[in-house]
Amino acid sequence: MLSKLASLQTVAALRRGLRTSVASATSVATKKTEQGPPSSEYIFERESKYGAHNYHPLPVALERGKGIYMWDVEGRQYFDFLSAYGAVSQGHCHPKIIEAMKSQVDKLTLTSRAFYNNVLGEYEEYITKLFNYNKVLPMNTGVEAGETACKLARRWGYTVKGIQKYKAKIVFAVGNFWGRTLSAVSSSTDPTSYDGFGPFMPGFETIPYNDLPALERALQDPNVAAFMVEPIQGEAGVIVPDPGYLTGVRELCTRHQVLFIADEIQTGLARTGRWLAVDHENVRPDIVLLGKALSGGLYPVSAVLCDDDIMLTIKPGEHGSTYGGNPLGCRIAIAALEVLEEEHLAENADKMGAILRKELMKLPSDVVTAVRGKGLLNAIVIRETKDCDAWKVCLRLRDNGLLAKPTHGDIIRLAPPLVIKEDEIRESVEIINKTILSF
């Protein structure tokens with residue numbers, strides 16, 4: 001009886017505490033409303049208090065975007081030179097993609113793959129004909145596309161190449177980045193990604209990037225099913241391989257009966273001045289991964305493209321996703337691809353990128369030690385001192401009206417939306433130059 005009474009008293013106390021908490025929260029919310037919209041500082045503090053600390057954002061609180069620009073909650077305007085890591089290549093809130101989303105969202109958004117829908121086949125036909133592959137497997141995020149490619153490679157290795165079951169290997173390049181799932185970090189050579197998350201996926205090996213002799217040695221192993229590589233390494237710091245590297249990869253993979261998987265999640269879809277970055281060397285990978293700009297930044301959409309001899313090794317029930325291939329995502333992806341085609345954004349990226357790099361090369365070499373990139377995927381390398389590093393440069397760029405983000409310490413990635421015009425490139429370069437000269 002006493003224990004029951006104690007329990008009742010505890011419950012009553014908890015209820016009183018809950019009412020107090022709710023009242024307090026309501027009071028804070030009311031006070032916040034009375035004070036007007038949240039400030040940047042309030043937004044920073046709220047995220048820090050309630051969200052996981054798995055990112056280190058540049059301190060700017062954004063509320064609106066259009067084309068190549070974004071605005072913070074105080075109304076300040078910025079050039080966007082990150083494009084959500086390339087996802088908003090078509091520009092923020094592109095009207096055609098927005099309209100496609102609106103037209104579909106009132107009709108049907110999700111069926112799962114338990115049933116057919118009337119948009120998936122239209123999208124599959126469009127994207128496979130556009131890139132000249134037999135089949136597409138629709139997923140949502142870039143890392144899901146990478147996982148899909150690994151499963152396809154292993155299954156193909158067992159059923160087509162004849163690798164002993166569960167002995168298949170996939171080779172990756174040092175500096176690779178394709179996500180943060182356990183499989184992705186198992187292939188990583190960056191301690192920030194993998195340290196403390198083992199044990200790791202077996203059957204993954206790494207070799208130096210841009211090193212054809214190393215690849216040839218690795219492919220001597222008959223258990224290698226695939227080599228997965230970024231045509232330009234993005235997260236590693238926009239590392240552009242030597243001319244002929246991708247041609248050599250294609251030749252070696254063909255010679256050793258190994259699948260060439262091109263991770264075009266960041267480099268593909270016109271970003272480097274071609275539809276795919278591999279197009280610079282006119283090579284055709286066995287598997288192509290697409291994502292990011294495949295939806296124009298409106299919705300997570302990714303895709304894995306390959307031919308029947310690879311894709312059809314996976315049977316019904318062996319791989320999939322509840323949201324992959326949903327009608328909303330498919331309608332958005334069609335529109336996003338049409339924008340790239342209709343607005344000739346690959347050509348614009350090629351032209352604007354050349355202007356950008358030419359102007360960046362004029363920056364003082366005592367601060368900027370290197371400029372590299374293709375199309376509108378570029379980077380500058382900052383000489384670190386006690387007063388100057390990539391993070392400090394990005395903070396000052398923000399203050400001057402341009403948003404960019406460091407990658408790997410001393411490197412700043414510069415990747416604006418592909419709709420940027422020449423006068424906007426030159427205005428952006430003036431901001432970058434002014435910022436660099438201030439150090």
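Note that Cβ sites are derived from N, Cα and C of the backbone, with glycine treated the same way.
What Swiss-Prot records for this protein:
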MOD_RES   K66  N6-acetyllysine
MOD_RES   K102  N6-succinyllysine
MOD_RES   K107  N6-succinyllysine
MOD_RES   K107  N6-acetyllysine
MOD_RES   K292  N6-(pyridoxal phosphate)lysine
MOD_RES   K362  N6-acetyllysine
MOD_RES   K362  N6-succinyllysine
MOD_RES   K386  N6-acetyllysine
MOD_RES   K392  N6-acetyllysine
MOD_RES   K405  N6-acetyllysine
MOD_RES   K405  N6-succinyllysine
MOD_RES   K421  N6-acetyllysine
TRANSIT   1-35  transit peptide
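Shown on the structure are the features that Swiss-Prot records.
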{"residue": "K66", "record": "N6-acetyllysine", "contacts (Cβ under 8 Å, 6+ apart)": "G91, H92, C93"}
{"residue": "K102", "record": "N6-succinyllysine", "contacts (Cβ under 8 Å, 6+ apart)": "none"}
{"residue": "K107", "record": "N6-succinyllysine", "contacts (Cβ under 8 Å, 6+ apart)": "P327"}
{"residue": "K292", "record": "N6-(pyridoxal phosphate)lysine", "contacts (Cβ under 8 Å, 6+ apart)": "A84, Y85, G86, A87, S89, G142, I265, Q266, L269"}
{"residue": "K362", "record": "N6-acetyllysine", "contacts (Cβ under 8 Å, 6+ apart)": "N433"}
{"residue": "K386", "record": "N6-acetyllysine", "contacts (Cβ under 8 Å, 6+ apart)": "none"}
{"residue": "K392", "record": "N6-acetyllysine", "contacts (Cβ under 8 Å, 6+ apart)": "F439"}
{"residue": "K405", "record": "N6-acetyllysine", "contacts (Cβ under 8 Å, 6+ apart)": "L58, L82, C394, I412, R413"}
{"residue": "K421", "record": "N6-acetyllysine", "contacts (Cβ under 8 Å, 6+ apart)": "M352"}
Three-class DSSP assignment, K421 (N6-acetyllysine), comes back as coil
According to DSSP, which kind of secondary structure is K405 (N6-acetyllysine) found in, if we only use helix, strand and coil?
-> strand
